[in-house]
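What TrEMBL annotates here:
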ACT_SITE  HIS186  active site
ACT_SITE  GLU293  active site
BINDING   ARG74, GLN98, ARG103  substrate binding site
Amino acid sequence: MDRSNKPSAIGVSPSLPQPTISFRENTVEATLPTGESVIVNLYGATVTSWKLANGDEQLFLSEKAHLDGSKPIRGGIPVVFPVFGPPPENHATSLLPQHGFARNSNWEFLGKSSSESLGKDRKDCDDSVKLDFGLSHSMLSEEFRKAWPYEFGLVYSVTLTKGALETSLQVQNKGSQNFEFKTLLHTYLNVDDISNIRIKNLQSKTYVDKTQNATSHTEASSALPITQETDRVYQALDPKVPIVISTADGKDLFSITREMMTDVVVWNPWAEKAKGMADFAPDDAYKKMICVEAGSVSTWQTLEAGDSWEGGQSIRPKA
Ligand code: BG6
């Protein structure tokens, strides 16, 4: 039958382009129809790449980062839980490694959800994809299960939109005992030149300087330059006030807002420390990164049996 004159269907909208998800070995990669992409390694549920539609990488990843599960990944966004830094003595986390076990455990991919809303102009489409990852007590190595014997559940959600990357962590206490935790999204941002960045909205905030025997100070600068090894825990920030990373001449590069995470760690190892880290490469890559890490680390969060807690960050990139 000749169908050349068949009328086209009326009222049926063309199917919209969907985000694509691909799995490669131990990674999940999502790409939006508009071109933005994110890669998450199941080891640590570590986001290792976040690219804009033009291919511009937003996260720093060391050339010598271990991506095979043999070591926490040096770069991207490792998840710190349930302890930040070296665990204190005589605490429930004492037997855990620095920054806990979340970044060195194999997580499970729980699935994706996506949404599309199309404006009048197709270019206005505001697609997003959310990838969920889970970790629970029974998934830990025997060593970690013994060292931290609490029944917990973590759900880590990585949401990619055209204009932002959001990462949020839900902590559930599934046991009958209360537990204490700290958590941090240890975000390594890619920068062109460390000498040309400034960090804003920290002025007048109290910080603990880990490079100066953990002494407390008040930030004097309205636009903080990074000129040496920096390891500071800024405390009691308003999560809704973005931390803005800009160039020296005021062009905004990143803006980070938080939910329930009132602390921000600013870390750059600088030349000597970078050289001393076997998985940090090249040696001068400290000039190409800055860690601005949203977290809840200055005090312990107590999670009662059956309760849950959720916190996260939203990073808006350079335009
Ligand atoms: C930061 C800490 O969050 O992480 C630093 O404040 C630490 O003290 C840095 O050196 C890197 O830690 P790690 O364990 O990944 O080498």
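Using N, Cα and C of the backbone, Cβ positions are placed for all residues, glycine too.
Note that the structure is predicted; figures quoted are calculated from it, not measured.
The structure, with features from TrEMBL marked on it.
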residue: ARG74; record: substrate binding site; contacts (Cβ under 8 Å, 6+ apart): LEU61, SER62, LYS64, ALA65, HIS66, MET277, ASP279, PHE280
residue: GLN98; record: substrate binding site; contacts (Cβ under 8 Å, 6+ apart): VAL83, GLY85, PRO86, PRO87
residue: ARG103; record: substrate binding site; contacts (Cβ under 8 Å, 6+ apart): GLY44, THR46, PRO72, ILE73, PRO78, VAL79, VAL80, HIS186
residue: GLU293; record: active site; contacts (Cβ under 8 Å, 6+ apart): VAL80, LEU184, LEU185, HIS186, THR187, VAL264, VAL265, VAL266, TRP267
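Those residues noted as binding substrate (ARG74, GLN98, ARG103) have their most widely separated CA atoms at a distance of 14 Å. Excluding ARG74, GLN98, ARG103 themselves, the residues of that chain whose CB lies within 8 A of the CB mean position for the substrate site are, in sequence, LYS71, PRO72, ILE73, PRO78, VAL80, HIS99, ASN104, HIS186. The secondary structure of GLU293 (active site), as reduced to three states from DSSP, is extended strand.
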